[in-house]
Amino acid sequence: MKDEQLFYFEESSIFKAMMHFSLPMMIGSLLSVIYGILNIYFIGFLDNSHMISAISLTLPIFAVLMAFGNLFGVGGGTYISRLLGAKDYIKSHYVSSFSIYSSLVLGLIIAVITLPFTDQIASILCASGETLNYTSDYLKIEFLSTPFVILFFVLEQFARAIGKPIISMIGMLSSVGINIILDPILIFGLHLDVVGAALGTAISNAIAGLFFIIYFSRKNETLSFNVKHAKPTKAMMQEIFKIGIPAFLMVVLMGVTGLVVNLFLATYGNYAIASYGISFRLVQFPELIIMGLSEGVVPLIAYNFVSNKTRMKDTIKVVIVSIAVIFAVCMTVVLVAGHSIVQLFSTDPQIVVLATFILKVTMTSLLLNGIGFLFTGMLQATGQGRGATIMAIAQGTVIIPVLFVLNSLFGLTGVIWSLLIAETVCAFLAMFIVYSLRNRLTVDKASLIEVE
């Protein structure tokens, strides 16, 4: 590894290292919000509600593809960071090559399986009538691009894993920028409508993925694109999947949770859904900043888990303090000006009152949410597969029984408070798991550097 990478992993101040790894991730997390609304924004100019609905309905599919990217990106990436901490650059070649080519093969398999059934999948996503055709057309392009989408997410994770978070951010920026350029050309210039929006996303992911490939092929000594290195061993696959599978499950289950929350809110009318939508988008920004902070330091924790546990512990302490400061600032703003902020999005008195209440409740959960993210990332970084799996399942399922109980007891108020209660349970569960594993957070370097 180059001296600059080693400097942030081993020598710089904790705060400086944290910002080096996390700031690009924070920006990237915020970019993901923009990425999610780009196609809807441009299609909106066509004034066709069926097209807008079609793109909205396909968002869960993109989330699932991102989850598959986590399977090898997070699983392989955290393992690579630990190998770098053990100074085993040779084995990192095998892990990276296996993960890269496996993600491509997985993408091809998904494309082959799904392409003949786009109409049926569109129906499962609740598309009907004219919307069904638009949704199916969008899905065809999305599934065709699956290998490139998954590879993009894997390589973006690898950039952070080897201490190149700025390269990760540049890759994400290029993807968003290219999409912004292509969407109007394809949608309006070539009159491709929904297909144009899908093509814009597919091409931007492919080009961003190509950027990563070119960069890593020329300027790195820790990753390998040599197919001869894509030879998995049982131990290697265990290390990758014991973290990759929980990371995959977490994204999928959290998507299911979002659908369940919407189903409960729908029983109370459009004003409840609208109020939640406003508060969700407002909380999403500080939440994504904290998520970027927590996920950004995962390579730093993974590296020092092997090389310097004191630095690892100090990193966790600094991140917790940073999360607390962000929470305090955001909570103060909401308590002082929450009502006025909500009024920027709606003038309906009923929506403003309910959205302000939801905003205060969900913002209260921000601190606990941040701790949950951090400790889950810590479990991933240190290779604690069982703990990471428990947290992934908990973050996606705990809220469901809480919703049923509180909804039956307190109605809409119970549904709203269930969000905070579920986050509280998950945060304390994460703390309990980390505490119970405190004596197991050790590593046998021989197990990391053995090359079979």
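Keep in mind that glycine also has a Cβ here, set from the backbone N, Cα and C atoms.
Taken from Swiss-Prot, the feature transmembrane segment applies to 26-46 (among others), supported by sequence analysis.
If you look up Swiss-Prot, you'll see 54-74 (among others) marked as transmembrane segment, on the strength of sequence analysis.
Here Swiss-Prot flags 98-118 (among others) as transmembrane segment.
Residues 28, 58, 61-62, 65-66, 68-70, 72-74, 76-77, 80, 96, 99-100, 103-104, 106-108, 110-111, 114-115, 118, 121-122, 165, 167-168, 171-172, 175, 195, 198-199, 201-202, 205-206, 208-209, 212-213, 216, 223 of the same chain, all 6+ positions outside the transmembrane segment (139-159), place their C-beta atoms under 8 angstroms from a C-beta of that stretch. Among the features that Swiss-Prot reports, transmembrane segment is placed at 139-159 (among others), with the record citing sequence analysis.
Listed by sequence, the residues of this chain that lie at least six past the ends of the transmembrane segment (170-190) yet keep a Cβ under 8 A from its Cβ atoms are 27-28, 31-32, 34-35, 38-39, 42-43, 45-46, 152, 155-156, 159, 196-197, 199-201, 203-205, 207-208, 211-212. Annotation source Swiss-Prot lists transmembrane segment at 170-190 (among others).
Distant neighbours of the transmembrane segment (194-214): 38-39, 42-43, 51, 54-55, 134, 137-138, 140-142, 144-145, 148-149, 151-152, 155-156, 158-159, 167, 170-172, 174-179, 182-183, 185-187, 225; these residues of the same chain sit at least 6 beyond its ends, with a Cβ under 8 Å from one of its Cβ atoms. Here Swiss-Prot flags 194-214 (among others) as transmembrane segment, drawing on sequence analysis.
The transmembrane segment annotation in Swiss-Prot covers 245-265 (among others) and rests on sequence analysis. Residues 60, 63-64, 66-68, 70-71, 73-75, 272-273, 276, 376, 380, 385, 388-389, 391-393, 395-397, 399-400, 403, 407, 412, 415, 419 of the same chain sit 6 or more residues outside the transmembrane segment (245-265) yet have a Cβ under 8 Å from a Cβ within it.
Taken from Swiss-Prot, the feature transmembrane segment applies to 282-302 (among others), supported by sequence analysis. Sequence-distant contacts of the transmembrane segment (282-302) (same chain, six or more residues past either end, CB-CB distance under 8 Å): 8-9, 17-18, 21-30, 32-33, 77-78, 81-82, 85, 160-163, 165, 312, 315-316, 319, 322-323, 326-327, 330, 341-342, 359, 362-363, 366, 369-370, 373-374, 376-378, 380-382.
According to Swiss-Prot, the feature transmembrane segment maps to 318-338 (among others).
Within its own chain, the transmembrane segment (351-371) has Cβ neighbours under 8 Å at 271-272, 274-276, 278-280, 282-283, 286-287, 290-291, 293-294, 320, 323-324, 326-327, 330-331, 334-335, 338-339, 341-343, 345, 416-417, 419-420, 423-424, 426-427, 430-431, counting only residues six or more beyond its boundaries. Swiss-Prot lists 351-371 (among others) with the feature transmembrane segment.
Residues annotated as transmembrane segment in Swiss-Prot: 390-410 (among others). Beyond the ends of the transmembrane segment (390-410), by six or more residues, the same chain brings 246-247, 249-250, 252-254, 256-257, 260-261, 264, 372, 375-376, 379, 417-419, 421-422, 425-426, 429-430, 433 to within a C-beta distance below 8 angstroms of the stretch.
For 414-434 (among others), the entry in Swiss-Prot reads transmembrane segment, with the evidence type sequence analysis.
Long-range contacts of the transmembrane segment (318-338) within the same chain: residues 14-15, 18, 286, 289-290, 293-294, 297, 356, 359-360, 363-364, 366-367, 370-371, 374, each at least 6 residues beyond the stretch ends and with a Cβ under 8 Å from a Cβ of the stretch.
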